[in-house]
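Step one of this worksheet: look at the structure below.
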Amino acid sequence: MGAGGRMQVSPSPKKSETDTLKRVPCETPPFTVGELKKAIPPHCFKRSIPRSFSYLIWDIIVASCFYYVATTYFPLLPHPLSYVAWPLYWACQGVVLTGVWVIAHECGHHAFSDYQWLDDTVGLIFHSFLLVPYFSWKYSHRRHHSNTGSLERDEVFVPKKKSDIKWYGKYLNNPLGRTVMLTVQFTLGWPLYWAFNVSGRPYPEGFACHFHPNAPIYNDRERLQIYVSDAGILAVCYGLYRYAAAQGVASMVCLYGVPLLIVNAFLVLITYLQHTHPSLPHYDSSEWDWLRGALATVDRDYGILNKVFHNITDTHVAHHLFSTMPHYHAMEVTKAIKPILGDYYQFDGTPWVKAMWREAKECIYVEPDRQGEKKGVFWYNNKL
């Protein structure tokens with residue numbers, strides 16, 4: 001959901017599944033970032049404080065309305081209706097708060113305003129409210145953007161090589177195993193990433209915990225701000241403790257806890273599907289460069305949720321190319337650069353539930369083509 005006007009861009013022509021799964025080119029593109037930037041109207045790079053706040057305030061108003069309805073009217077409902085009302089609240093509040101998360105994420109990219117202090121203040125407040133350590137995310141996520149598609153240096157959703165698949169992997173390569181893995185991924189994946197860097201790149205030099213200021217993820221200039229992030233999380237946890245003490249644990253779980261689980265599940269789903277697709281290459285150090293890595297991502301279609309999520313879902317390619325660009329210009333930018341990107345642009349309109357299952361089935365590990373000339377280019381495979 002958003003406030004303010006936004007140009008409407010006609011959706012990409014519908015592709016057949018064969019076209020959707022066709023590999024994107026892995027050769028050095030015949031265009032440069034500078035040429036892409038020249039094709040974009042200059043106003044698309046301008047950040048507006050009133051406009052940025054309008055989207056945030058709108059999301060807060062909607063979330064507050066849901067909270068008011070749940071606390072005021074749900075206690076009056078007979079039990080059969082309350083069993084329907086609460087799941088509706090959880091789903092609606094979860095997706096709206098995901099939109100709030102997206103705006104806070106934009107602050108970490110310095111795409112909210114022209115003032116870094118304002119971006120950091122807004123991002124710290126709203127990421128902390130959603131139990132995300134703002135500066136920890138800001139710095140590790142920045143490294144993800146700097147190293148997207150690199151098997152050695154990317155920060156998250158780094159695919160395994162076939163040789164790294166555990167012995168029990170083949171026993172999970174079935175419908176039941178995939179169901180279990182997806183359930184764990186969408187319920188525990190987000191906190192496990194923060195606490196233990198699960199799905200992140202390995203750090204042999206030390207324990208990679210996003211809450212630990214001395215973790216090898218960060219450099220010396222960043223460590224003090226990790227303490228600030230941790231303080232923000234502790235402050236929110238204390239507030240939740242006081243709320244639970246006053247209103248009851250059940251109230252806190254129903255009004256905040258379950259919607260937060262929905263937020264976490266959508267964040268894992270969105271990022272997983274943005275970077276996992278049978279058509280996308282990954283590169284080792286012999287082939288990787290920033291532009292090809294940034295193009296190793298895919299735009300998806302979540303229907304009406306595209307707007308609720310501030311188009312982070314269907315403009316992700318443009319976001320990786322120009323991460324300081326405000327989200328409310330991303331549709332226009334995508335339209336401007338698609339003719340230049342050509343086959344390097346990947347859009348998949350497969351319904352997200354179907355795509356989630358397909359990717360879990362098809363994208364188990366990466367390996368180079370046996371007959372391919374480029375041994376440093378890796379593609380997804382599922383044959384164990």
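These residue numbers are counts, starting from 1, taken along the chain as shown.
Cβ atoms are placed via backbone N, Cα and C, with glycine included.
Feature list (source: Swiss-Prot):
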COMPBIAS  14-23  compositional bias 'Basic and acidic residues'
REGION    1-23  region 'Disordered'
MOTIF     105-109  motif 'Histidine box-1'
MOTIF     141-145  motif 'Histidine box-2'
MOTIF     316-320  motif 'Histidine box-3'
TRANSMEM  56-76  transmembrane segment
TRANSMEM  84-104  transmembrane segment
TRANSMEM  117-137  transmembrane segment
TRANSMEM  180-200  transmembrane segment
TRANSMEM  226-246  transmembrane segment
TRANSMEM  253-273  transmembrane segment
Within the motif 'Histidine box-3' (316-320), what mean pLDDT does the predicted structure show?
98
Treating G and I as helix alongside H, and B as strand alongside E, what does DSSP give for the motif 'Histidine box-1' (105-109) in helix, strand and coil?
4 helix, 0 strand, 1 coil
Same-chain residue ranges lying at least 6 outside the transmembrane segment (180-200) that approach it to Cβ under 8 Å:
132-133, 136, 140, 155-158, 172, 208-211, 217, 261, 264-265, 267-269, 272, 356-357, 360
Surrounding residues of the transmembrane segment (84-104) on its own chain - C-beta under 8 Å, 6+ positions past either end:
1-2, 52, 55-56, 59-60, 62-63, 66-67, 69-70, 74, 77, 112, 122-123, 125-127, 129-130, 132, 134, 254, 258-263, 265-267, 305, 308-310, 312, 327
